[in-house]
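Features as listed in Swiss-Prot:
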{"type": "BINDING", "residues": "Thr12, Arg16, Thr265, Gly308, Gly409, Asn413", "note": "ADP binding site"}
{"type": "BINDING", "residues": "Thr12, Thr13, Ser14, Thr265, Gly308, Gln312, Gly409", "note": "ATP binding site"}
{"type": "BINDING", "residues": "Thr12, Arg82, Glu83, Tyr134, Asp243", "note": "sn-glycerol 3-phosphate binding site"}
{"type": "BINDING", "residues": "Arg82, Glu83, Tyr134, Asp243, Gln244", "note": "glycerol binding site"}
Amino acid sequence: MSKYLLAIDQGTTSSRAIIFSAQGLPVARAQQEFKQYFPQDGWVEHDGQEIWLSTLKVCREAIASSGLQAEAIAAIGITNQRETTLVWDAASGTPIHLAIVWQDRRTADYCAGLKDAGHEAMVSAKTGLLIDPYFSATKLRWILENVPGARERAQRGELRFGTVDSFLLWRLTGGKVHRTDASNASRTLMFNIHTQQWDQDLLELFDIPASLLPEVLDCAAEFGHAEAELLGASIPVLGMAGDQQAALIGQACFEPGMVKSTYGTGCFMIQNTGDQPVSSKNRLLTTVGYRLGGKVTYAVEGSIFVAGAAVQWLRDGIKLISHARDSEALAEATGEACGVYLVPAFTGLGAPYWDPKARGAIFGLTRDTGIKEIVTAGLQSVCYQTRDLLEAMRQDGAAAPSALRVDGGMVENNWVMQFLADILGVSVERPEVTETTALGVAYLAGLQLGLYPDLQAIASHWHRQQRFEPRMSETHRERLYAGWLDAVKRVRSEG
């Protein structure tokens, strides 16, 4: 009997479920967007109940549309938007506050105070991360400080903390299991990536009770069983990874030096660094790539907060386009030398700048500037930010990759992929299956199930759909990029 794997891909703007065959081919999928809440400048929230209900709905829809019986699903894998923070009642499973999303910057002043007090060196040495509102610890502390009675309830053991994966696992198992995986734990600012444990010094710094925290397992492990009444059968959850680490696996970047870049709401470039953590001198992050059989593979990551979100803003915020797909034709009609630079620092700048107080701007406007130039500049901003990350990796001593493997919704845009190759001066490879985040966590579940004997078996399923080669002259490339660097300098809060 064929084995099928259900991947839950809970993202920043939508929840998706994809059923894969053992060969890594999508059989059925379902997707549902959910509401974004922006209560104040720099604040971004989600409703945990909406996350759960949308996830349950797409799982049921995917199973129904596949024509399979629920019993044919051999295992579930969960991948998720990372860092987003939930705290819920241990008895009812009800969140005590809206989820604070990874993009949220409300703790910027608190983070600045920790840096001024000299704590960043210790935090970075233990976690591989920087002190920044992006990560979970300061979000969790904010909830404990600002929800009436939360800290007292946490100290009494009545509350649970989790990133989205942990919350979904709790709900799927009927509140029986409170676990996460090493890749998600490594993004909280509370997890020591060397000891692979929650760190007491960090918990004391952020004033977090240890009773809130989930158990940390490998990325392929026995996480628990989804209750039969939810999906029609009791299905084991055997894989779990943060979305970017899952994409690293889905892209089969198993050798040190291999690089993938995912283009969703944000953009995330990860380079496999092997069994040793590599510290960046250029404000990139050291993180857990994946942990299998107790063995950690580390990675260096650059995180950009706004990629696809820039196109979403062009569509929904200022309504220059009706559909995201319209952007490709407009860019083709404009060309790469549009003279306009859009810096989408809507919630600050991520790597390598880490400037939470920077704000977005458009430069180079003339009387002739129209919709197509601004839309093109929005697309180009994603590629320029990717170049920023690649430059930081090069300055850290990494060799230029022979190719950049790309995935995520934006990579369907051929114009963006060609401009990306041009501005990087590196070949860009788009795989046949671009849902690599979901595919990666399906592979993890399959690995635990025994469908795949090892990572090499998974790598054999990776196939390239198209390769984009650089066509731009170096002179033109560097002139365009210099204009971008000038634009970024102008929006920096430090000037």
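Glycine is treated like the rest: Cβ placed from N, Cα and C.
Candidates Thr12, Thr13, Gln244, Gln312, Asn413 (binding-site residues) were compared with Arg82 (sn-glycerol 3-phosphate binding site); those inside 10 Å Cα-Cα are Thr12, Gln244. Ser14 (ATP binding site) and Tyr134 (sn-glycerol 3-phosphate binding site) have their C-alpha atoms 20 Å apart, to the nearest angstrom. Listed binding-site residues: Thr12, Thr13, Gln244, Thr265. The one with the lowest count of other Cβ atoms within 10 Å of its Cβ is Thr13. For Arg16 (ADP binding site), the nearest of the binding-site residues by C-alpha distance turns out to be Gln244; the candidates were Tyr134, Gln244, Gln312.
Annotation: Arg82 carries the greatest number of neighbouring Cβ atoms among the binding-site residues Arg16, Arg82 [cut-off 10 Å, Cβ to Cβ]. Within 8 Å of the centroid of the Cβ atoms of Arg82, Glu83, Tyr134, Asp243, Gln244, where the record puts glycerol, the same chain has further Cβ atoms from Gln81, Thr84, Trp102, Arg187, Gly242, Phe268, Ser303. Among the record's ADP binders, Thr12, Arg16, Thr265, Gly308, Gly409, Asn413, no two C-alpha atoms are more than 20 Å apart, and one pair sits at exactly that spread.
Cβ neighbours of Gly308 (ADP binding site) (same chain, under 8 Å, six or more residues apart in sequence): Tyr263, Gly264, Thr265, Gly266, Ala324, Val382, Gly408, Gly409, Met410.
The shortest Cα-Cα distance between Gln312 (ATP binding site) and any of the binding-site residues Thr12, Tyr134, Asp243 is the one to Thr12. Asp243 (sn-glycerol 3-phosphate binding site) and Thr12 (ADP binding site) have their C-alpha atoms 10 Å apart, to the nearest angstrom. Spanning the listed glycerol site, residues Arg82, Glu83, Tyr134, Asp243, Gln244 have a farthest Cα to Cα distance of 15 Å.
Among the listed binding-site residues, namely Glu83, Asp243, the Cβ with the most fellow Cβ atoms inside 10 Å is that of Asp243.
Taking Cα separation as the measure, Gln244 (glycerol binding site) is nearest to Thr12 of the binding-site residues Thr12, Thr13, Asn413.
Around Gly409 (ADP binding site), a 10 Å sphere centred on its CB holds 19 further CB atoms from the protein chains shown.
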